[in-house]
């Protein structure tokens, strides 16, 4: 297989993959339900009012000793009704908690709004990203509540801050902000909820203590959910947000990492599975929210829809709290960016998969390895653009033996091209005899006809994984390179890098030997630089920088290989010009 065919295979695979992704996005947009546009959406503060479905309420289990949680059965068929106690004086006031990285608005039961203070919405703007929001059209919040068959539980607005005031802020010199809330039920039952924010951390600790000072046992279970009306993204290669996975993901030690896109949310009948030691999350480009329960407590993991809203929920653990006893359950709520270093500090198995390099484990592992190298280069170079350049250089050095083997195979094929032409002329239209004679020649001269293609196939997973690393890494968001490139996740404003990419591809074509190429292939080759140039004009500049550096190094390697095998680059250029 000559260099031309190898290049065409790679080029058309790239085009086909991008067109396939584009077609899928357009089809999804065309078939997307219009519920968000046609149905009335309740106010954001009412989103958590619904209690879990009665068919899926886990039965409470007795506590062996004070503070020990019960287990959660897979699915309970017990008819359950939550007896929510209304707030004593209307809805609870909204309280604002502020750390150095988060500003939260909550009512004790739901986090209604969450701003990421270190991530502005735009490069030149000052407004931070709002991950959770009370937006009327697309509300998105996180809720933690209690449900029970017979015992009283707090309803919407049931929790009240123990301390006076509605604004609490992490002070300078402090590393922890602790804000307790309490619900005082009838007959001496109360639930004390404590929110803990830490400096530099996006995981919020939420601890519940059920204190039973009544004369009768109290039973109930905690539920934690993420509820969202998904935003319909503008589709196309010009919008990096639409490249990334948007939907629910969850993890269990048994099944590993799983995911469900918003557009396919209920295609497989939702989710209803008991899991211990997992987590559940909603993902979007660069950011995510997740409920992370205690590693030793079982929960029922549920995906369902509530009108226009997609819901990801944990139900359980369940408790039976004897008189005079206390039960405790704790969970973490992550509201923040997909920052590799901070996610690793949480020490949660599988949570690194929210950085969705691929749904396939092997591609995700390759992507994680590439980012590890990229981040170490950044720590040395202090610039993500130069880190991309350095990563490409390292990859080309590592893959140089494969590139060398590919060129050697192609050079050997060119050497025997006249003999192949003679065989074709000798056997004419007898394809069977021609193929037999060709294989005998390959065997005699020790030529591997796949030698030019195999190295490329080995390299392709690496380059595809690197593509997703550059798309997914929030570290590159709004990061500058130099000069006119001030945001590696935005397109090149002056189209300089796409123009360089066209020039490099054209030069590579001229330097690629093409003996025996047919006219159709020649015409296809002439248009490939323009096709790729048009595609690269509107994708993130970080990706184009990768292609330019990779193409430039490939051009230099091509020139070097030609010289190494005793050929003259000028002769090849003149031959291709004819």
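Here the Cβ of each residue, glycine as well, is placed from N, Cα and C on the backbone.
These figures come from a predicted structure and were not determined experimentally.
Under the heading transmembrane segment, Swiss-Prot lists 6-26 (among others), citing sequence analysis as support.
If you look up Swiss-Prot, you'll see 354-374 (among others) marked as transmembrane segment.
Here Swiss-Prot flags 380-400 (among others) as transmembrane segment, drawing on sequence analysis.
Residues or ranges marked as transmembrane segment in Swiss-Prot (evidence: sequence analysis): 451-471 (among others).
Annotation comment: Swiss-Prot describes 495-515 (among others) as transmembrane segment, evidence class sequence analysis.
Marked as transmembrane segment by Swiss-Prot: 529-549 (among others). Within the chain, the transmembrane segment (529-549) has long-range Cβ neighbours (under 8 A, six or more residues past its boundaries) at 11, 14-15, 18, 237-238, 240, 384-385, 388-389, 392-393, 466-467, 470-471, 476, 481, 485, 487-492, 495, 497-506, 509.
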Inset, instruction - Using a Cβ-Cβ cut-off of under 8 Å, list the residues of the same chain that are 6+ residues beyond the ends of the transmembrane segment (380-400) and lie near it. - result: 370, 373-374, 455, 459, 462, 466, 470, 475-476, 479-482, 485, 488, 542, 545-546, 549-550, 553-554, 557
Legend entry - Long-range environment of the transmembrane segment (354-374) - Cβ separation under 8 angstroms, sequence gap at least 6: 244-245, 249, 256-257, 259, 281, 283, 288, 290, 338, 340, 343, 384, 387-388, 391, 394, 461-462, 464-466, 468-469, 472-473
